[in-house]
Structures are given as structure tokens and as C-alpha cells.
Amino acid sequence: IFMRATVIVSEYLILVPAAVIFIRHMSKLCGITTWESSVALTAVLMQPATMIIDHGHFQYNTVMLGLMLASMSSMLAGRHLWSCVYFVAALGFKQMALFYAPAVFAYLLGICIFPRINIGRLMSIAIITIASFAALFLPFLLGIAYDSWKGVFLPFDARAPPLLENLPIQISTKAWYYPFVFQLAQSIHRIFPFARGLFEDKVANIWCAVHASGLHKLHRYDSILPPCLVIFLKPKKELVPWALATTAWGFFLCSYQVHEKNVLLPLLPMTMLMAGHGGLRPDLRAWIGFANTLACWTMFPLLKRDELRIPYFVLTLLWAYLMGLPPISLAAYFGEQGVWLSLPVKAVHLLLYVAMMVWHVAEASVQAPANMPDLWVVGNVCIGAAGFGLCYLWCLWHLVAESGLLQF
């Protein structure tokens, strides 16, 4: 009970105030009403994927997401140095925040170059970032120094992390600074866990979806470079959520070390778009709702193992009801609101919603063949990867369109 309570307390201490402050800044920047910002806040705080993973599967993702929201709020408020501090804190808490790192770097570099080069701002951002990492690692380094002073040394059979083994120079294990280098290399190895293998589980991304066909030599840089270039060339505050969402989708789809819960990273800035220009328009609401529903659905195999099927159905359907979205309501796709969506978009969305429902029925009633035990899981992966790919393209298109780069 105590550990579960810490998740709730940390969420209310970090995520909730960060979400309130971000939406206040975003709504003021975009000139939306109090009612619209309140709906956006409700949508973010009641995100079913985040609630199920943190309070059901038991994680502390809301801490990292809250710190990232604080960094985004600082960007919107023009407090760029504080945005560096909060982002380093988010990255230090969970390395999953690396999904946002390219877009954060591109935006902060862009504001130092456009509309004119500002060397002072660039230097201050670099110094604060380095100082933040130093403050983050200081207790860790002091602990190593204390162990060395007490005569507590590394075990003789301790294997050096891959980063340390592959250094072009050899460091003596008897050097006084070797424990510091060893532990720092181990920390970096934990942040970039290349040695853990390709898959931790079957995830709805491109690598996992196409690996069985052998077409798995895709590169994540092809997916994250376009949004980073856009936010670098046009470092506008209102584009920050678009850039972060697109970059995170690119990382999720094309990275090879991905867990189901990583989908929370693109969902956060994408859902925050509801606090921006036209956030409650049927087209934006339909796409944001589609991404959130699909994300919950792709996590169902994990949630099923954790006996979280009832919370999954209840929270997902409740969120869809509050947002007026399928499978509870089709108002965003038909009638007066439906004019905002093109016919192909309606067809694709509704087809994928039907596919999700059919999959649930089939998975619950039909046993997978003995020679294909992961049939339903792989089907979930392929459908999810296709839907998330559409979300990536939609975010990228809107990022480019709203940046003004297409205006000649």
C-alpha cells in the first residue's frame, strides 16, 4: 500500500502542477478559452494509458513526464535555462526522456541562432546543462569517494561495462580514479542499454512489426531528423508540442530498445495539443483520441498478464466517453463535426477501430494455433505499428504546415 501511495503522491506533487502550469502558458499563448483549457487538462490527467501503467502495472512515469512538462512550460515562458534543468532532471529520473532529447536540443539551438546568433544564450544553456548533470551525479560520485575512503573497492571479478571495454586507451584497475570511471561508464551503459538485446517484449513499432520479414534494417534518424530540422529552423513556442510528439513517435517506431510503456512519451505532447490552437476541433480531437485509444489497445497483452483487463476497459471507455470519441461516440466523424475530417481519414480511423474490436473478440474466443502461439500478439503489433505510423505522419505534416516552411 505504501509503495502504491508513493505513485499517487508523486503524481500530485509533480505531474498535476506541471500540467496545470503548462496548459496555462499554452492557452495564453494560443488564446483559447478557460473552458477549452479545462477540457485539455482533464484529457491529460485522465489519460488511460498513463493511469493504467503507473497505477496498475506500477511505474513512476508520471514523475518523468511531469518534469518534462515543466521543461516544456519553461520553454513557452521563455525561461530556457530552467527548461534545461528540468529536462536533465527528467532524463536523470528515467532515460526514456531521451525520446525528447533531439527535439529539445534542436529547439534550444534554434533560439540561439534565429533570428540572430546569440552566443551568450548558447553559452549559458551549455553551462547550465553541464552544471545540472554535475549536480545530478554529485551524490553518486560522493558515494564512490566514501566507499574508496572506507576501503570498499570493486570486486576483482567485476566486468567492465562495454563502454569502458571499448575505450581506445586502457585504464589501470589500480588507478585511484578507476572506480569513478567504472561507475560512470556503468551509468551511461544503463542509460543506453545496447547490450540488453533487441526486444524486451513484442511492441507495436516498426522494428518488431517487420523483423519477422527481415526488413528490419531501418534507421531511427530518418524519422527524427525532419521534425528536428523544422523546430531548429523555426523555433516557435507553439511548435514545441508538435516537435516533441513527432520526434517521440519517430523514436518509438524506429528504435530497437522499446517497451510498451514508451508509447506514453509521444502521447503526452500529442495530448497537450488540445490546449493549443483549435485543440477541441473535431479533427484534432479525433486524431488525439485515436492515438490514445490505440496506445491502450497495444498494451493489452501486457495488461492481460497483469490481470488489468477490467481497468483497461473501464478507463479507456470512460476517457472516450468524456472526449466524445469512438467507440462510445461517432460525433467527431459524422454530422456537423464530421466536416473537419476527410473521407479517407474517417475510413482509416473507423477501420482501425473495428480491427481493434474484432481483435478483442478473436483473441478472447479463438485459441492461437500451436505452430503460431503469438498470432494474436503479432497481429496486435502490426495493427498498432500501422496506426502509430499514421500518427507520426499526421504530427509531422502539421508541424511542417504550421511552421510556415511551405509558404513561399
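Residue numbers in this text run from 1 along the chain shown.
A Cβ is built for glycine as well, from the same backbone N, Cα and C atoms used for every other residue.
Taken from TrEMBL, the feature transmembrane segment covers 7-26, 32-53, 65-91, 97-115, 122-146, 239-256, 263-280, 286-303, 310-334, 340-362, 374-400.
Sequence-remote contacts of a segment are chain residues at least 6 beyond its ends whose Cβ falls under 8 Å from one of its Cβ atoms, and for the transmembrane segment (286-303) they are 43, 47-49, 52-53, 56-57, 201-204, 260-261, 263-264, 266-267, 270-271, 273-274, 309, 311-312, 315-316, 319-320, 323, 325-327, 332-333, 340-341, 345, 349, 352-353, 356, 359-360, 376-377, 380-381, 384, 387-388, 391, 394. The listed stretches are 239-256, 263-280, 310-334, 340-362, 374-400; of these, 239-256 has the most Cβ pairs under 8 Å to the transmembrane segment (97-115).
Residues 37, 40-41, 44-45, 54-55, 58-60, 62-63, 65-67, 69-70, 72-73, 76-77, 238, 241, 272, 275-276 of the same chain sit 6 or more residues outside the transmembrane segment (7-26) yet have a Cβ under 8 Å from a Cβ within it. When Cβ-Cβ distances under 8 Å to the transmembrane segment (263-280) are tallied for each of 32-53, 310-334, 374-400, the top count falls to 32-53. The transmembrane segment (239-256) shares the most Cβ pairs under 8 Å with 374-400, out of the stretches 32-53, 340-362, 374-400.
Long-range contacts of the transmembrane segment (374-400) within its own chain (CB-CB distance under 8 A, at least 6 residues past either end) are made by residues 202-206, 208-209, 212, 223, 226-227, 230-231, 239, 242-243, 245-246, 249-250, 252-253, 263, 266, 270, 287, 290-291, 294, 297-298, 300-301, 348, 352, 355-356, 359, 362-363, 368, 406. Within the chain, the transmembrane segment (340-362) has long-range Cβ neighbours (under 8 A, six or more residues past its boundaries) at 281-283, 286, 290, 293-294, 297, 300, 326-327, 332-333, 376, 379-380, 383, 386-387, 390.
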